[in-house]
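Engineer: Sharing a structure here in C-alpha coordinates format.
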Amino acid sequence: MACGAALPLNYSCNFEDPGQCDTIILSRRIISTIAAVGCILLLIFIIWRPRFGEDWRNLAYMDVMLIYLDVAILFHSIGWWMEEGVDVLKEKPGSPSPICLATGHVLQFSNWFSILAAFNITLCCSVRIGCKIVLDKWWITIIVCLLVSLFFTFIPWAGNAYGPDGLEYGMWCWIRNDKLWWQFGTWYIWLLIGILLMFFMPIIAYSCRRKCDDHAKAALCMVLYPVLYLICWIAPTVNRYQELVHSCEPRIYSHVLGHTVSVSLYGLLIAIAYIVTSKCICDGGDGGGATEMHARY
(Lines of atoms letter the chains of each structure in order from A and count residues from 1; the text may use other names and numbers.)
(Lines give C-alpha, C1' and ligand atoms only; values in the text may rest on other atoms or scores of the structure.)
Protein backbone atom coordinates (compact mmCIF):
# COMPACT_ATOMS: atom_id res chain seq x y z
CA MET A 1 0.00 0.00 0.00
CA ALA A 2 1.24 3.47 -0.80
CA CYS A 3 0.24 6.83 0.58
CA GLY A 4 -3.26 8.10 0.13
CA ALA A 5 -6.33 5.92 0.52
CA ALA A 6 -6.39 3.48 3.42
CA LEU A 7 -3.80 5.48 5.39
CA PRO A 8 -4.63 6.88 8.84
CA LEU A 9 -6.24 10.30 8.91
CA ASN A 10 -3.24 11.81 10.67
CA TYR A 11 -0.90 10.57 7.96
CA SER A 12 0.68 13.34 5.93
CA CYS A 13 1.86 12.93 2.37
CA ASN A 14 3.60 16.29 2.67
CA PHE A 15 1.67 18.08 -0.07
CA GLU A 16 -0.41 21.21 0.43
CA ASP A 17 -3.55 19.20 -0.31
CA PRO A 18 -3.58 15.60 1.06
CA GLY A 19 -5.90 14.69 -1.82
CA GLN A 20 -3.02 15.31 -4.22
CA CYS A 21 -1.37 12.16 -2.92
CA ASP A 22 -4.49 10.16 -3.78
CA THR A 23 -4.45 11.67 -7.26
CA ILE A 24 -0.87 10.53 -7.83
CA ILE A 25 -1.58 6.98 -6.68
CA LEU A 26 -4.81 6.73 -8.70
CA SER A 27 -3.08 8.10 -11.81
CA ARG A 28 -0.31 5.56 -11.44
CA ARG A 29 -2.76 2.69 -11.08
CA ILE A 30 -4.82 3.67 -14.12
CA ILE A 31 -1.91 4.42 -16.44
CA SER A 32 0.07 1.36 -15.34
CA THR A 33 -2.94 -0.83 -16.07
CA ILE A 34 -3.49 0.70 -19.51
CA ALA A 35 0.23 0.45 -20.28
CA ALA A 36 0.30 -3.21 -19.22
CA VAL A 37 -2.66 -4.01 -21.47
CA GLY A 38 -0.96 -2.17 -24.34
CA CYS A 39 2.26 -4.13 -23.77
CA ILE A 40 0.43 -7.47 -23.79
CA LEU A 41 -1.49 -6.65 -26.98
CA LEU A 42 1.69 -5.40 -28.66
CA LEU A 43 3.56 -8.54 -27.64
CA ILE A 44 0.85 -10.75 -29.15
CA PHE A 45 0.70 -8.64 -32.31
CA ILE A 46 4.47 -8.68 -32.92
CA ILE A 47 4.75 -12.45 -32.48
CA TRP A 48 1.71 -13.40 -34.52
CA ARG A 49 1.62 -10.58 -37.09
CA PRO A 50 2.27 -12.09 -40.50
CA ARG A 51 4.22 -15.06 -39.21
CA PHE A 52 1.59 -17.62 -38.26
CA GLY A 53 3.23 -20.97 -37.64
CA GLU A 54 6.74 -19.58 -38.16
CA ASP A 55 9.59 -20.42 -35.77
CA TRP A 56 9.98 -17.59 -33.24
CA ARG A 57 13.75 -17.74 -33.71
CA ASN A 58 13.25 -16.43 -37.24
CA LEU A 59 11.78 -13.18 -36.01
CA ALA A 60 13.57 -10.10 -37.33
CA TYR A 61 16.27 -8.52 -35.15
CA MET A 62 14.22 -5.35 -34.77
CA ASP A 63 11.13 -7.28 -33.76
CA VAL A 64 13.10 -9.29 -31.20
CA MET A 65 14.42 -6.10 -29.60
CA LEU A 66 10.90 -4.65 -29.59
CA ILE A 67 9.64 -7.79 -27.85
CA TYR A 68 12.25 -7.48 -25.10
CA LEU A 69 11.63 -3.74 -24.79
CA ASP A 70 7.92 -4.48 -24.49
CA VAL A 71 8.50 -7.14 -21.81
CA ALA A 72 10.73 -4.76 -19.83
CA ILE A 73 8.04 -2.07 -19.85
CA LEU A 74 5.46 -4.69 -18.86
CA PHE A 75 7.57 -5.63 -15.83
CA HIS A 76 7.79 -1.95 -14.94
CA SER A 77 4.00 -1.76 -14.86
CA ILE A 78 3.92 -4.93 -12.75
CA GLY A 79 6.43 -3.29 -10.39
CA TRP A 80 4.01 -0.41 -9.80
CA TRP A 81 1.25 -2.84 -8.89
CA MET A 82 3.53 -4.84 -6.59
CA GLU A 83 3.61 -1.81 -4.31
CA GLU A 84 -0.06 -2.32 -3.50
CA GLY A 85 1.18 -4.94 -1.02
CA VAL A 86 3.61 -2.55 0.68
CA ASP A 87 2.57 -1.06 4.01
CA VAL A 88 4.45 2.24 3.93
CA LEU A 89 3.91 2.98 7.61
CA LYS A 90 5.80 -0.19 8.56
CA GLU A 91 8.68 0.36 6.15
CA LYS A 92 12.08 1.27 7.57
CA PRO A 93 14.69 2.89 5.31
CA GLY A 94 17.47 0.62 6.58
CA SER A 95 15.50 -2.62 6.49
CA PRO A 96 12.75 -2.61 3.85
CA SER A 97 10.18 -5.39 3.67
CA PRO A 98 10.70 -8.22 1.13
CA ILE A 99 7.91 -6.93 -1.14
CA CYS A 100 9.36 -3.40 -1.12
CA LEU A 101 12.82 -4.80 -1.82
CA ALA A 102 11.50 -6.95 -4.66
CA THR A 103 9.65 -3.98 -6.14
CA GLY A 104 12.83 -1.90 -6.12
CA HIS A 105 14.70 -4.65 -7.95
CA VAL A 106 11.95 -5.06 -10.55
CA LEU A 107 11.81 -1.32 -11.26
CA GLN A 108 15.60 -0.97 -11.46
CA PHE A 109 15.99 -4.00 -13.74
CA SER A 110 13.13 -3.00 -16.04
CA ASN A 111 14.49 0.56 -16.26
CA TRP A 112 17.90 -0.67 -17.33
CA PHE A 113 16.71 -3.35 -19.71
CA SER A 114 14.26 -0.99 -21.42
CA ILE A 115 16.85 1.72 -22.04
CA LEU A 116 19.34 -0.85 -23.35
CA ALA A 117 16.70 -2.26 -25.69
CA ALA A 118 15.83 1.25 -26.90
CA PHE A 119 19.56 1.96 -27.34
CA ASN A 120 20.00 -1.18 -29.43
CA ILE A 121 17.04 -0.26 -31.63
CA THR A 122 18.65 3.14 -32.23
CA LEU A 123 22.04 1.56 -32.92
CA CYS A 124 20.47 -0.96 -35.29
CA CYS A 125 18.72 1.82 -37.21
CA SER A 126 21.81 4.04 -37.27
CA VAL A 127 24.24 1.46 -38.65
CA ARG A 128 21.63 0.44 -41.21
CA ILE A 129 21.20 4.04 -42.33
CA GLY A 130 24.81 5.21 -42.17
CA CYS A 131 26.85 2.07 -42.91
CA LYS A 132 24.38 -0.32 -44.56
CA ILE A 133 25.31 -2.90 -41.91
CA VAL A 134 22.58 -5.35 -40.98
CA LEU A 135 22.62 -6.65 -37.39
CA ASP A 136 21.36 -10.17 -36.84
CA LYS A 137 23.10 -11.54 -33.70
CA TRP A 138 20.24 -10.60 -31.43
CA TRP A 139 20.99 -13.31 -28.86
CA ILE A 140 24.38 -11.73 -28.12
CA THR A 141 22.67 -8.39 -27.63
CA ILE A 142 20.13 -9.90 -25.23
CA ILE A 143 22.84 -11.56 -23.12
CA VAL A 144 24.78 -8.29 -22.85
CA CYS A 145 21.60 -6.38 -21.92
CA LEU A 146 20.77 -8.95 -19.25
CA LEU A 147 24.24 -8.87 -17.70
CA VAL A 148 24.43 -5.07 -17.64
CA SER A 149 20.91 -4.78 -16.23
CA LEU A 150 21.64 -7.34 -13.51
CA PHE A 151 24.88 -5.56 -12.60
CA PHE A 152 23.16 -2.21 -12.06
CA THR A 153 20.26 -3.94 -10.31
CA PHE A 154 22.43 -5.54 -7.64
CA ILE A 155 25.11 -2.86 -7.22
CA PRO A 156 22.86 -0.67 -4.96
CA TRP A 157 23.18 -3.46 -2.39
CA ALA A 158 26.68 -2.12 -1.71
CA GLY A 159 25.13 1.01 -0.21
CA ASN A 160 22.00 -0.64 1.24
CA ALA A 161 20.14 1.77 -1.01
CA TYR A 162 16.89 -0.07 -1.77
CA GLY A 163 13.81 0.87 0.20
CA PRO A 164 10.83 3.24 0.28
CA ASP A 165 11.55 6.26 -1.90
CA GLY A 166 10.89 8.83 0.80
CA LEU A 167 9.11 7.24 3.77
CA GLU A 168 7.17 10.36 4.59
CA TYR A 169 5.79 10.48 1.05
CA GLY A 170 5.25 6.77 0.47
CA MET A 171 5.26 7.12 -3.30
CA TRP A 172 7.08 3.97 -4.37
CA CYS A 173 9.82 1.51 -3.48
CA TRP A 174 13.07 1.92 -5.36
CA ILE A 175 16.40 3.46 -4.31
CA ARG A 176 15.67 5.48 -1.19
CA ASN A 177 15.26 9.23 -1.38
CA ASP A 178 18.09 9.73 1.13
CA LYS A 179 20.33 7.91 -1.36
CA LEU A 180 19.90 10.35 -4.23
CA TRP A 181 23.52 9.99 -5.29
CA TRP A 182 22.92 6.26 -5.67
CA GLN A 183 19.91 7.06 -7.84
CA PHE A 184 22.02 9.26 -10.08
CA GLY A 185 25.07 6.98 -10.05
CA THR A 186 23.18 3.81 -10.93
CA TRP A 187 20.56 5.28 -13.20
CA TYR A 188 20.12 8.97 -14.02
CA ILE A 189 23.69 9.75 -15.13
CA TRP A 190 23.64 6.72 -17.42
CA LEU A 191 20.17 7.70 -18.59
CA LEU A 192 21.51 11.10 -19.62
CA ILE A 193 24.42 9.47 -21.48
CA GLY A 194 22.01 7.09 -23.20
CA ILE A 195 19.71 9.95 -24.17
CA LEU A 196 22.57 11.89 -25.77
CA LEU A 197 23.80 8.84 -27.67
CA MET A 198 20.32 7.88 -28.88
CA PHE A 199 19.70 11.45 -29.98
CA PHE A 200 22.90 11.95 -31.96
CA MET A 201 23.41 8.48 -33.47
CA PRO A 202 20.60 8.67 -36.06
CA ILE A 203 21.41 12.32 -36.82
CA ILE A 204 25.05 11.49 -37.57
CA ALA A 205 24.09 8.38 -39.52
CA TYR A 206 21.54 10.24 -41.62
CA SER A 207 23.90 13.15 -42.29
CA CYS A 208 26.54 10.72 -43.58
CA ARG A 209 24.21 9.63 -46.35
CA ARG A 210 23.42 12.17 -49.05
CA LYS A 211 20.77 9.91 -50.46
CA CYS A 212 18.85 7.61 -48.16
CA ASP A 213 17.61 4.40 -49.79
CA ASP A 214 14.18 2.98 -49.14
CA HIS A 215 15.36 0.55 -46.48
CA ALA A 216 17.25 3.29 -44.64
CA LYS A 217 14.13 5.46 -44.68
CA ALA A 218 12.19 2.59 -43.18
CA ALA A 219 14.86 2.09 -40.51
CA LEU A 220 14.74 5.80 -39.71
CA CYS A 221 11.08 5.39 -38.75
CA MET A 222 12.14 3.05 -35.96
CA VAL A 223 13.96 5.92 -34.22
CA LEU A 224 10.53 6.88 -32.91
CA TYR A 225 10.91 4.29 -30.12
CA PRO A 226 13.95 5.84 -28.39
CA VAL A 227 12.53 9.32 -29.02
CA LEU A 228 9.41 8.37 -27.09
CA TYR A 229 11.63 6.90 -24.39
CA LEU A 230 13.50 10.17 -24.05
CA ILE A 231 10.28 12.18 -23.85
CA CYS A 232 8.87 9.93 -21.14
CA TRP A 233 11.97 10.35 -18.97
CA ILE A 234 12.21 14.15 -19.14
CA ALA A 235 9.76 14.73 -16.26
CA PRO A 236 11.30 12.07 -13.95
CA THR A 237 14.78 13.46 -14.55
CA VAL A 238 13.65 17.02 -13.79
CA ASN A 239 11.91 15.79 -10.63
CA ARG A 240 15.01 13.94 -9.38
CA TYR A 241 17.26 16.90 -10.15
CA GLN A 242 14.95 19.17 -8.16
CA GLU A 243 15.07 16.73 -5.24
CA LEU A 244 18.86 16.55 -5.43
CA VAL A 245 19.36 20.32 -5.51
CA HIS A 246 16.59 21.09 -3.01
CA SER A 247 16.78 17.96 -0.88
CA CYS A 248 15.61 19.73 2.29
CA GLU A 249 12.45 21.12 0.70
CA PRO A 250 9.11 19.33 0.18
CA ARG A 251 8.48 17.63 -3.12
CA ILE A 252 6.72 19.66 -5.81
CA TYR A 253 3.34 18.12 -6.62
CA SER A 254 3.42 18.87 -10.36
CA HIS A 255 6.90 17.33 -10.66
CA VAL A 256 5.93 14.15 -8.81
CA LEU A 257 2.69 13.81 -10.81
CA GLY A 258 4.57 14.33 -14.08
CA HIS A 259 7.15 11.77 -12.96
CA THR A 260 4.48 9.20 -12.12
CA VAL A 261 2.42 9.68 -15.27
CA SER A 262 5.19 9.91 -17.87
CA VAL A 263 7.28 6.98 -16.64
CA SER A 264 4.17 4.76 -16.63
CA LEU A 265 3.00 5.90 -20.05
CA TYR A 266 5.76 4.40 -22.17
CA GLY A 267 4.11 0.99 -22.53
CA LEU A 268 1.04 2.55 -24.13
CA LEU A 269 3.09 4.85 -26.36
CA ILE A 270 5.23 2.09 -27.86
CA ALA A 271 2.06 0.14 -28.70
CA ILE A 272 0.82 3.17 -30.65
CA ALA A 273 4.28 3.73 -32.14
CA TYR A 274 4.39 0.18 -33.45
CA ILE A 275 1.25 0.80 -35.49
CA VAL A 276 2.74 4.02 -36.88
CA THR A 277 6.17 2.56 -37.69
CA SER A 278 4.71 -0.57 -39.25
CA LYS A 279 2.97 1.60 -41.84
CA CYS A 280 6.12 3.69 -42.23
CA ILE A 281 8.19 0.59 -42.88
CA CYS A 282 5.72 -0.73 -45.41
CA ASP A 283 5.70 2.61 -47.22
CA GLY A 284 9.48 2.92 -47.01
CA GLY A 285 10.29 0.23 -49.52
CA ASP A 286 9.25 -0.41 -53.06
CA GLY A 287 7.44 -3.65 -53.57
CA GLY A 288 8.72 -6.14 -51.03
CA GLY A 289 11.47 -3.87 -49.83
CA ALA A 290 10.19 -3.44 -46.31
CA THR A 291 9.67 -7.16 -45.93
CA GLU A 292 13.21 -7.77 -47.11
CA MET A 293 14.59 -5.31 -44.58
CA HIS A 294 12.69 -7.02 -41.77
CA ALA A 295 13.86 -10.44 -42.90
CA ARG A 296 17.48 -9.39 -43.02
CA TYR A 297 17.25 -7.93 -39.55
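The first residue you see is number 1, and the count goes up from there.
Every residue, even glycine, has its Cβ placed from backbone N, Cα and C.
Okay, so TrEMBL annotates it like this:
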TRANSMEM  30-48  transmembrane segment
TRANSMEM  60-82  transmembrane segment
TRANSMEM  112-131  transmembrane segment
TRANSMEM  138-159  transmembrane segment
TRANSMEM  187-206  transmembrane segment
TRANSMEM  218-236  transmembrane segment
TRANSMEM  256-276  transmembrane segment
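Tell me what's around each of these sites.
Structural biologist: Among residues of the same chain six or more beyond the transmembrane segment (60-82), those with a C-beta under 8 A of the stretch's C-beta atoms are 28-29, 32-33, 35-36, 39-40, 42-43, 46-47, 99, 102-103, 106-107, 109-111, 113-114, 117-118, 120-121, 124, 134-136, 138, 141-142, 145, 172, 222, 225, 263-264, 266-267, 270, 274, 294-297.
Distant neighbours of the transmembrane segment (138-159): 61, 64-65, 68, 104-105, 108-109, 112-113, 116-117, 120, 175, 179, 182, 186-187, 190; these residues of the same chain sit at least 6 beyond its ends, with a Cβ under 8 Å from one of its Cβ atoms.
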Engineer: Mind pulling out the one from 112-131, 187-206, 256-276 with the most Cβ pairs under 8 angstroms to the transmembrane segment (30-48)?
Structural biologist: 256-276
